[in-house]
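Feature annotations, reproduced from TrEMBL:
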- 47-67: transmembrane segment (TRANSMEM)
- 79-103: transmembrane segment (TRANSMEM)
- 124-147: transmembrane segment (TRANSMEM)
- 167-187: transmembrane segment (TRANSMEM)
- 199-217: transmembrane segment (TRANSMEM)
- 237-257: transmembrane segment (TRANSMEM)
- 269-294: transmembrane segment (TRANSMEM)
- 324-346: transmembrane segment (TRANSMEM)
- 366-385: transmembrane segment (TRANSMEM)
- 391-412: transmembrane segment (TRANSMEM)
- 424-447: transmembrane segment (TRANSMEM)
- 453-473: transmembrane segment (TRANSMEM)
Amino acid sequence: MGDPADMGRKVVPVMKPAERMAHEGLVPAREADSGSVGGGVKLRKELGLLDGVAIIVGVIIGAGIFVSPKGVLQNSGSIGVSLLVWVLCGGLSLMGALCYAELGTMIPRSGGDYAYIGEAFGPLPAFLYLWVALFVIVPTGNAITALTFAQYILQPAWPTCEPPDEVIRLIAAVVTCVLTAINCYNVKWATRVQDLFTGTKLLALVVIVLAGLYALGAGKTENLQQPFKGTITSPGYIALSFYSGLFSYAGWNYLNFVTEELKDPYRNLPRAICISLPMVTIIYVLANIAYFVVLTRDELLSSNAVAVLFGEKMLGVMSWTMPVFVACSTFGALNGAIFASSRLFFVGARQGHLPAAIALINVKRLTPVPSLIFLCIITLVLLVIKDVYVLINYVSFVESFFTLVSVTGLLYMRYSKPDLHRPIKVSIILPLVFFVICTFLVTLPIYVSPVEVGVGVAIILAGIPVYFVFIHWQNKPQWLTRSSHAFNTTCAKLFECVLEDER
């Protein structure tokens with residue numbers, strides 16, 4: 001059958017970057033010296049099972065579990081329902097990840113949802129996902145993670161007050177640039193950083209769980225006496241509590257963004273999913289039990305940094321370690337997000353939906369340097385915006401919507417393309433149940449948060465005219481073609497890059 005990545009490239013894209021750039025005098029990819037098969041420049045398959053698990057766990061466990069239990073409790077109303085939501089969010093994420101394992105091995109190309117939506121429904125829906133991911137979902141998530149890192153790493157230096165906003169944003173910008181540089185330099189360096197900080201964040205959660213179990217063993221059970229008191233039964237608020245929980249599980253599909261760099265993806269993709277998701281779910285539930293044992297309901301709802309408050313009450317003179325642990329957690333999450341999401345934009349450019357320069361690969365490092373730098377620049381721009389946190393209110397709906405589109409594509413291709421090779425084929429019950437739950441999560445918040453949903457829809461629709469002007473329109477003015485020519489050529493020379501082999 002050949003290499004899965006090569007199989008994926010036989011699908012004809014909307015417009016190959018090679019076709020658009022052949023006249024620009026760039027070095028043909030197959031003439032570059034590299035160690036890849038056939039002499040072409042390709043992304044290396046350097047990610048093993050441990051790296052895959054580290055990417056999933058490292059991206060999922062970011063700032064969420066340390067700060068967002070408040071949102072789940074606030075919208076569910078009670079401790080009992082809150083714990084149930086955490087369990088169900090883990091189960092839903094595992095269900096979705098297994099559905100994505102079928103998609104990822106059936107369509108073994110990097111890019112995740114972008115590749116699957118394009119295969120199922122064509123270029124316009126795929127571009128709309130890329131459009132939203134490019135300007136809202138990915139850079140906003142990265143900016144929030146970088147700001148959270150800066151907030152907590154600076155907290156010990158300002159123990160009695162908030163660190164200055166300018167210093168927070170400067171540190172956030174620096175860490176974003178440093179991690180981008182590491183990812184540009186070497187894939188192995190990036191994965192080693194990921195492995196190290198995944199271990200650090202797991203250690204932080206182990207400390208929380210053990211401290212909570214110690215308190216529970218010492219007889220501190222008063223907070224658990226009436227676990228379902230105050231339960232909110234409104235479906236809209238239940239959906240919002242799932243949004244808060246799923247925010248902490250966000251990243252379960254990130255390994256699908258780097259399928260082409262995963263060794264033996266048919267085996268390692270589902271194995272990494274089945275190891276990492278149950279592990280994260282168990283850790284999250286135990287951490288929340290620890291929170292509820294130590295903190296009262298009112299204390300938890302009044303705090304924006306639950307883990308820090310927990311540390312102050314349980315760790316005594318060592319309470320300073322909790323902000324450091326949270327900073328390490330967000331550092332690892334940011335590294336994993338940069339590594340995986342840059343591949344999304346790389347694949348989008350390779351398919352002709354972004355400037356062709358973003359599809360270039362550095363001839364020495366074999367990393368998508370322009371794509372990484374492009375993502376870094378957008379993230380830095382968002383760090384300048386004072387109200388960047390407000391964007392979080394709008395991206396949850398958009399992410400859930402496109403997850404729904406992807407699983408709809410899986411169901412659609414079961415019947416429209418039954419002969420596609422499916423190394424992994426899940427029971428039809430899984431995608432059907434996942435489809436129903438995603439529909440519930442997308443539609444019910446309309447009644448509770450109509451403004452956020454409306455803005456999310458507007459962001460998606462704004463991509464339609466962009467698609468028809470810049471992608472679909474073939475006979476563009478000469479000045480636009482010449483500008484594109486100059487930009488792509490300059491990037492190729494500046495970053496010592498060539499196009500990936502697309503034979």
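Including glycine, each Cβ sits where the backbone N, Cα and C put it.
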Problem set entry | Ranked first among 167-187, 269-294, 391-412 for CB pairs under 8 angstroms with the transmembrane segment (199-217) | 269-294
Exercise. Taking residues 6+ outside the transmembrane segment (124-147), which of them lie with a CB under 8 Å of any CB in it?
Worked result: 62-63, 113-115, 117-118, 168-169, 172-173, 175-176, 250, 330, 333-334, 337-338, 341, 344-345, 348, 351, 353-354, 375, 378-379, 381-383, 388-389, 391-392, 394-395, 398-399, 402, 405, 459-460, 462-464, 466-467, 471
Problem set entry | Contact call for the transmembrane segment (79-103) against the transmembrane segment (453-473), three or more Cβ pairs under 8 Å | no
Exercise. What same-chain residues lie close to the transmembrane segment (237-257): Cβ under 8 Å, and 6 or more beyond its ends?
Worked result: 52, 55-56, 59-60, 62, 64-65, 68, 71-72, 74-77, 81-82, 85-86, 88-90, 92-94, 96-97, 100, 103-104, 110-113, 141, 269, 272-273, 277, 280, 284, 333, 336-337, 340-341, 343-344, 396, 399-400, 403, 440-441, 444-445, 448-449
